[in-house]
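Enquirer: What TrEMBL lists as Zn(2+) binding site is 71, 73, 241, 316. The Fe(3+) binding site feature in TrEMBL is assigned to 71, 73, 241, 316. Annotated 4-imidazolone-5-propanoate binding site per TrEMBL: 80, 143, 176, 244, 321, in sequence order. Among the features that TrEMBL reports, N-formimidoyl-L-glutamate binding site is placed at 143, 318, 320. The feature domain 'Amidohydrolase-related' is assigned by TrEMBL to 62-382.
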Ligand code: NIG
Ligand code: FE
């Protein structure tokens, strides 16, 4: 597409870093060429070279960068509604995991599902996100736990991108849980599956980033570090599920490897935030898991703010701790549970989420040169995006500057 397209009669929330009040511009317009934003601003300042472009009026609607869900486990088989019942009767997430339920039960359901069945189930969750203006979704492996089953999950994830107008970022999360065949032998699992499988998956082009679950019910920092070393030798960025249920100092390990993000962080010590901040690692907060697990300990939000750490928000869509396929609900929860402002929540699902995926400057901001991945909302002000619960105020999405 070499033609310039021009959009007017809208309010823009650019979400550019350092620009106050959402970067709001009223009586705004923008121009798109070759799938990129070439100009955005007040209509009155429209550059002369856009005068002959095809124009579309947006009826006074709000335009934001398309949303980004930067942490999901969206590809999985079955569900864990029965476990939800058990938890409501008093069993804890950790107890269920230790008694063979939890992640390991989803592993069985994922291994036995056909490729097509995984695609079909995952598409339902993906479509729910797309209906809320999402254009980029990160999807992790972690329910296969053999080399072949982990790779198959990422092939499903990649396949979704061929079926819908969405960018999928794939993450190798073999170090998610210890499968029954390796019970009591986590080191062997790391050395025989998580590390060599990463090399194979990367060779097939299936890996954008590498993740692990650093927790007392999963892997130690030393075990995760072996996976991180393998990632570094392949030139792949890392991220980490850190300090979700206890303080394992995983975030500090992530920082030492210049991780793109450390995620969850309820048990991150205030005193560790400075070292974490120095690495430029994004804090990905997952209020859906906090809510579902009835967690009471909050991530150190004030310390993160104080040290200027970028905070992203994601659904953590997964069958156990966060059965949520709604980024707008996650934003709402981030405000109500984590005291984020609606502006911080929107930055968390746009600009900061892009950084958590290594996509800064390309996605998550309305800026000259960025991709024209935008969401047009039936909303008067961007605070509404975190305010409503249920229903989506999305009017339409623009992908490569074209309506989807
Ligand atoms: O992000 N923490 C580990 N992984 C997921 C939970 C996965 C599951 O319970 O199936 C999470 O919360
Ligand atoms: Fe997760």
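For all residues, glycine too, the Cβ spot is worked out from N, Cα and C.
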Enquirer: Of 71, 80, 143, 316, 318, 321, listed as binding-site residues, which ones have a Cβ less than 6 Å away from ligand 1?
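Expert: Among 71, 80, 143, 316, 318, 321, near ligand 1: 316, 318, 321.
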Enquirer: Which binding-site residues of 176, 244, 316, 321 contact ligand 2 in the sense of C-beta under 6 Å?
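Expert: Cβ under 6 Å from ligand 2: 316.
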Enquirer: Which has the fewest other CB atoms in a 10 Å radius around its CB: 73, 80, 176, 241, the listed binding-site residues?
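Expert: It is 80 that, of the binding-site residues 73, 80, 176, 241, has the fewest other Cβ atoms within 10 Å.
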Enquirer: Give me the CA-CA distance between residue 143 (4-imidazolone-5-propanoate binding site) and residue 73 (Zn(2+) binding site), in Å, as a whole number.
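Expert: Between the alpha carbons of residue 143 (4-imidazolone-5-propanoate binding site) and residue 73 (Zn(2+) binding site) there are 9 Å.
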Enquirer: Please state whether DSSP places residue 318 (N-formimidoyl-L-glutamate binding site) in a helix, a strand or coil.
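Expert: In three-state terms, residue 318 (N-formimidoyl-L-glutamate binding site) counts as strand.
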Enquirer: On a C-alpha basis, identify the one among 71, 73, 241 that is nearest to residue 321 (4-imidazolone-5-propanoate binding site); the candidates are the binding-site residues.
Expert: 73
Enquirer: What's the CA to CA span in angstrom from residue 318 (N-formimidoyl-L-glutamate binding site) over to residue 244 (4-imidazolone-5-propanoate binding site)?
Expert: 15
Enquirer: Taking Cα-Cα distance, which of the binding-site residues 71, 73, 241, 316, 320 are within 10 Å of residue 80 (4-imidazolone-5-propanoate binding site)?
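Expert: Near residue 80 (4-imidazolone-5-propanoate binding site) by Cα: 320.
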Enquirer: Excluding 143, 318, 320, please set out which residues of the same chain place their CB within 8 Å of the center of the CB atoms of the N-formimidoyl-L-glutamate site, keeping sequence order.
Expert: 73, 76, 80, 103, 106, 142, 319, 321
Enquirer: How far is it from residue 176 (4-imidazolone-5-propanoate binding site) to residue 241 (Zn(2+) binding site), counting Cα to Cα, in Å?
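Expert: So the alpha carbons of residue 176 (4-imidazolone-5-propanoate binding site) and residue 241 (Zn(2+) binding site) sit roughly 9 Å from each other.
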Enquirer: On the 0 to 100 scale, where does the mean pLDDT of the domain 'Amidohydrolase-related' (62-382) fall?
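Expert: Averaging the confidence scores along the domain 'Amidohydrolase-related' (62-382) gives 97.
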Enquirer: Suppose the Fe(3+) site is 71, 73, 241, 316. Which further residues of the same chain have a Cβ inside 8 angstroms of that site's Cβ centroid?
Expert: 72, 140, 263, 264, 286, 289, 314, 317, 318, 322
